[in-house]
Amino acid sequence: MKLTNLTTSFAVAAIGTLLTGVILVAENQWAVIGALLAAAALSIVLARLKIGMVLASVLNESSAWVALLIPLGGVIIGFALHEEDFVLMMLATVLIYGLACVGLTIQFGYAGVINFAGAAFFGIGGYTAALLGEWGIPSLLIIVAGGMVAAAIGCILILPVLRTKGHYAALITIAFGLLFRSFLEVNHTLGGPQGLKVEGASVAGHSLLDGIQLGSFQASFYLNYVLLALGVFTICFILARNLEKSWIGVNFDAVREDPIGASVFGVNVAYWRIMAFVIGNFVIGLAGAIFAMMQNFIAPSNFTFSDSLIMLSIIVLGGLGNLWAILPAAILVVVMPEKLQEIGEFRILVFAVLVVLVLRFRPSGLFPRALRKFRREVAQ
């Protein structure tokens, strides 16, 4: 990796960490709006100077291991705010939603497979964690099991999705999400509308529901979940980046851009769509399991169609297919409504205007995905 690329990546990570910290700790809505305006002004300047595309190209060409800058920034923020319960809870929620959106990016951004049932697969992972937690199974295995169950159920849903196109496929996933919530509400084995208690995660015998105490250092238990979500997010991010840059990612791009042309050249379109759907749902299930363990409770009201739209809003606003855009967009979508509660219902208006402006002036998202570059080696 070139030194300039590494320096640029560090600069982007530092700016992102600083802005994230400011938005998280801001208690006054005007401070939040000011931070957002500063970020917007910076993005406009970068766009005017055509630096934005250079940064996107640098991040796109950089090694997937540059993603290790994400946990570095997260750890800095987490330990700097180690006693702030609400702030750490929001940070953990951002990371969990970001993890779910990595799965949606693989489906929607890479392979073009529509999924409006993200909250349903999120809930499948959560309910799997609730049921298996009663058996004393190690938490990390429960998290993986949440992903596997979500992927297995996704294998069933993909069958009718493959037989339809466009908005018909979207309607199938919407219907599945609504049916899933209705099933939970009438199923008393799963707690019905009252939900279920979920055992908190534990790692190496340490319950993550207990705060961190090292000598005079004391931290909120939410810091445990920040670190857990950060670790899983980073692993999935690196794997998804490697997937994108591999021949598998090339097949996903071909299936998304021109399925007919891809099939003419021998690409099994159905196979790659199934692959993207299964992998994506596995990642979403992981996120749901971590979310349930952090909340220590789970109910059908946590997995509405609105939650699916929130996840889709993150990947669309950030930039469809761009993994680097997930966390900035998640901060915008998840944290902003909470930080603007002091202005009452006007926060919805502010948020809606912001979304409309982004879609009007940046239809490809705040951070569009850079074009794939192919390198051809010429034989000497």
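Just so it is clear, glycine is given a Cβ too, placed from its N, Cα and C backbone atoms.
Now, the feature entries from TrEMBL:
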TRANSMEM  7-26  transmembrane segment
TRANSMEM  32-51  transmembrane segment
TRANSMEM  63-81  transmembrane segment
TRANSMEM  87-106  transmembrane segment
TRANSMEM  113-133  transmembrane segment
TRANSMEM  139-159  transmembrane segment
TRANSMEM  166-184  transmembrane segment
TRANSMEM  222-240  transmembrane segment
TRANSMEM  274-298  transmembrane segment
TRANSMEM  310-334  transmembrane segment
TRANSMEM  346-363  transmembrane segment
Test the contact criterion for the transmembrane segment (166-184) and the transmembrane segment (113-133): 3 or more CB pairs under 8 Å, pairs 6 or more apart in sequence, then answer yes or no.
yes
Which of 87-106, 113-133, 274-298, 310-334 contacts the transmembrane segment (139-159) most, counting Cβ pairs under 8 Å:
274-298
So what's near the transmembrane segment (310-334) in sequence-distant terms, Cβ-Cβ under 8 Å and 6+ beyond its ends?
16, 20, 23, 36, 56, 59, 70, 90, 93-95, 97-98, 100-102, 104-105, 108-110, 116, 118-119, 122, 237, 240-241, 244, 354-355, 358-359, 364-370
Under 8 angstroms, Cβ to Cβ: which one of 87-106, 113-133, 222-240 has the largest number of such pairs with the transmembrane segment (274-298)?
113-133
Tertiary contacts of the transmembrane segment (87-106) (same chain, 6+ residues out, Cβ under 8 Å):
24-25, 74, 77-78, 81, 115, 118, 121-122, 220, 222-223, 225-226, 229-230, 232-233, 236-237, 240, 243, 252, 276, 279-284, 286-288, 290-291, 294, 310-312, 314-315, 318, 320-323, 326-327, 329-331, 333-335, 338
